[in-house]
Ligand code: SAM
Ligand code: SF4
């Protein structure tokens, strides 16, 4: 099987060492940004098949031997927090609840000094019976993806009839005291784009914070069409049919979501306009894939192989320095609008969203 069939990039290895990089221990890049938020993909596997993410038949999952072990993952997370100034960790995938020992990984991350902020992005399947243990292990914040309130549509979008499990998971997360709980929604034209108002009503009633994400060209089947995408502008138009929205005066920082106060607040809604209003200039993210590759951006076309260093016996200092150089070369923006834009070979489910 070739790398292309597996969706793995052709360009991997270690970023060249640029002598112009300053001697800063943090993950600085040449545009002055500092990455402090580490997104960790725990697996590329998933139990749903969201149409905007992967094909109905799934993908050729990464062989287990290629995935980082728990010990390898904990070592990299420790280097990130202790040596590189990372203070936020988000576990994602694929579906992170499918990773055996997730609670153990979270507890290990929560024991680090300084204690990082820990969050999880999940599709919510199986969350009902895990929420309490996840909260006890140290999850601070939770994002649950849910695109519709209608079981038939849920089955169409995800190709699985599991909406009830997601709703149960949300309720269990609330009962376990997790706060805030955010809901991530992707609107698809003529599928669920009439649900912006009902979804926000649902979120307000239950005390969840809803965020709409523009669909990005990161699906494994390369089916994204800009003209088909529901834009942030359209989402706002739809929302204004049911609510008054005013800009949230709170500082946005590196947060991807533009936030709006709903009917004067304090409730808020977020819109992540990755395509139409990119926020690359304020990006503070660094990404680690389940097979130990550093990506400086969701849309990066190159990766830096930390697994080879780990398995080759490199010292922590060498791994940290390689990570620094990987981030130094981060590009200014994702370039979706550039005429020569190329979708990354690795799909969202194997990068970690
Ligand atoms: N499986 C988990 C989930 O669905 O929450 C975590 C991984 S998933 C890749 C993370 C987030 O990415 C989800 O909120 C999902 O809706 C979003 N996502 C997946 N493919 C996307 C795409 N092509 N464009 C925009 N968002 C996407
Ligand atoms: Fe799975 Fe999340 Fe992709 Fe849906 S968006 S197929 S839940 S990884």
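Each residue, glycine too, has its Cβ placed from N, Cα and C.
The shown structure was predicted, so the numbers you read here are calculated from the model rather than taken from an experiment.
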Query raised in the report: To which of 53, 297 does TrEMBL also attribute binding of [4Fe-4S] cluster 2 at the site defined by 280, 283?
Result: 297
Requested in this report: Looking at the candidate ranges 1-25, 26-50, report the one that TrEMBL labels region 'Disordered'.
Outcome: 1-25
Requested in this report: Averaged across the domain 'Radical SAM core' (30-256), what pLDDT does the model get? Just tell me the whole number, please.
Outcome: 96
Report task. Using CB under 6 Å from any atom of ligand 1, narrow the binding-site residues 53, 216, 283, 287, 297 to the ones that qualify. Result -> 53, 216
Query raised in the report: Rounded to an integer, what is the Cα-Cα distance in Å between residue 50 ([4Fe-4S] cluster 1 binding site) and residue 145 (S-adenosyl-L-methionine binding site)?
Result: 10
Query raised in the report: When you measure from the Cβ of residue 46 ([4Fe-4S] cluster 1 binding site), how many other Cβ atoms are you left with inside 10 Å?
Result: 23
Query - Filtered binding-site residues, from 50, 52, 94, 121, 283, 297, whose Cβ is under 6 Å from an atom of ligand 2 - result: 50, 94
